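Here is what TrEMBL records for this protein:
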type	residues	note
TRANSMEM	74-92	transmembrane segment
TRANSMEM	112-132	transmembrane segment
TRANSMEM	153-172	transmembrane segment
TRANSMEM	213-235	transmembrane segment
TRANSMEM	258-281	transmembrane segment
TRANSMEM	302-322	transmembrane segment
TRANSMEM	342-360	transmembrane segment
TRANSMEM	380-396	transmembrane segment
TRANSMEM	402-423	transmembrane segment
TRANSMEM	444-464	transmembrane segment
TRANSMEM	470-490	transmembrane segment
TRANSMEM	511-535	transmembrane segment
Amino acid sequence: MAGESSSLAEMMTGERVVVAVVVSRVLLSLPLSLISHGFSLFLLSLSAFLIELRAETSPFLLSPFTPRRGASSGILLGAVTLPAVMMSKLVQLTRAISLHQAQQDELAHVTMQYWAASASCCAILIYLSVVMSQAKKNESSSSSSSSVWLTRVSLTGTVLYGAACFVSLSIISHTGLNTSLKMLWMLLHGVAAVKLIRHLLRTFPSCASIGEALLVTSGLVLYFGDFLACTIAKICEKLIPVDLVSISYGIRRTETGIIIQGLLLGLLLFPMVFRFALHIYESSLNKRDGRPRTCSDTAKSVLFFVSLLPFMVVAVPSWMQFVHDFHHHPFLWVLAFVFSEPMKRVSLCIYWLLLIVVSVSRFYNISRGSKVERILLRKYYHLMAVLMFLPALVLQPKFLDLAFGAALAVFIALEIIRIWRIHPLGEPLHHFMNAFTDHRDSELLIVSHFSLLLGCALPIWMSSGFNDRALSPFAGILSLGIGDTMASMVGHKYGVLRWSKTGKKTVEGTAAGITSMMAVCYVLIPVLASMGYILSQGWWSLLVAVTATGMLEAYTAQLDNAFIPLVFYSLLCL
């Protein structure tokens, strides 16, 4: 009896229980029209749970990969987070359609996004299951009964998942051909996700857990899939005006959204462009001298900036203008947008710049002295994020959208320069960034600043359009800037009761995080009401969302900056 209770406790860890609560909350909020979606999310969660259980029971099964040290696999959390977010958006849009405040096209667009994210996660789970089965065969020639049982369950779940996907896509399609094309599009998302996660885990070993890599992969595939669908649809519209155009996500996008997508995708694609240019240059050197030669640091730096400038100033804006009928050069539009309200927006830029210069110089000197623990030093940046973003989100939300995109673009460009060691900035930038890293970062890839910025930005970007939950754009700022920061500081100074024997999170810290988030919400809601925001969320629903988020922060060993804002956002949308 004691052995059974012990094995049950090992099976139902705190993180898994919190994920189960979050998924249950999402499923219980679904209208009847989304039952097939809910069934697929349940199957995805069950499959991810079984695969995570198998991976952590026999760690050697994931030996082909080198995940981040000190973290659990996180497969369940990584597999359900993005689909749960898209499901919450579907619930919110269903309410909007019942109130005649949204169009069916927008619902069809988000439905495609849900199935694309879900298909990516499902394909990765199938891939992990195959990898583990192969490792099991190599370890032992005889297959155990549990392995056979798990394989049968996985196959059954995959067939049922495909059936649910087919039913859902049939509802939003006009013809059988249209449904088939959409099913093929989901399959392509799955194949791309498998190839991408293999590339990420092998190119950046020890940089992420399996769950973190799963979340990043599904997000990137979804984002690039949207880019590719828009491009294909526009080409078909110009050349072959047939029903194939309906593959696109046919909703009207804001100028800010178009610029952010073009800017970020351009920078993410640029390393491939630079690698190709570098290869051509080195090949020309080898052909000229008749012997193998590598590019010098100076030549590489010149080639980098010479390639970057035309790519970002000419190629990327040309794509925006062609695909989205953007009638101005994006950089000129940005200047006109900023100076359309110069007093507010330029003043906000000056305020941000002063705050960044003062904070970074101060914290950099502290980090070099090593008198303050690194975890507390990082939480000061979370507080700085609150000071920067909270006033802007209340007073200038559209400008903040654009500012987040610009800041993320700068971070990506600097990380590319650091990784490639582009002279003269690469080496000094590497030493400077290392002053702010912790155990979750590595020499290959520093993700902390990305995760904090994206954690604050994603809820704001996803809240564009219809939004009857005024607090949902604040999900990242509240969960990371307030809740996570207070939990760490109070737990570090006053925490006594630990949630687990091996973990560092304390009951006192979690209670402080939950209480502080509720207190800020209590102050923020009247302010938003006075500014005309729609306030339709009950306090009970808010308490459930805040508590679940606080418990996830307490139990997860994953990168909390990435997961906590998305989970909190999905719960706030319900």
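Each Cβ is built from the backbone N, Cα and C atoms, and glycine gets one as well.
Unlike curated records, TrEMBL annotations are generated automatically.
Below 8 A, the CB atoms of the transmembrane segment (444-464) and the transmembrane segment (380-396) form 3+ pairs separated by six or more positions in the chain.
Tertiary neighbourhood of the transmembrane segment (380-396): same-chain residues 341, 344-345, 348, 352, 355-356, 359, 363, 403, 436, 452, 456, 460, 473-474, 477, 480-482, 484-485, 527-528, 531, selected by CB-CB distance under 8 Å and a gap of 6+ residues from either end. Beyond the transmembrane segment (342-360), the same-chain residues lying 6 or more positions past its ends with a Cβ under 8 Å from any Cβ of the stretch are 380-381, 384, 387-388, 392, 395-396, 399, 403. Between the transmembrane segment (258-281) and the stretches 74-92, 213-235, 302-322, 470-490, 511-535, Cβ pairs under 8 Å are most numerous for 302-322. Against the transmembrane segment (213-235), stretch 112-132 has more CB pairs under 8 A than any other of 74-92, 112-132, 302-322, 402-423, 470-490. Within its own chain, the transmembrane segment (302-322) is flanked in space by residues 231, 234, 258-259, 262-263, 265-267, 270, 273-274, 277-278, 281, 295, 329-331, 413, 417, 420, 422, which lie at least six positions past its ends and keep a Cβ under 8 Å from the stretch.
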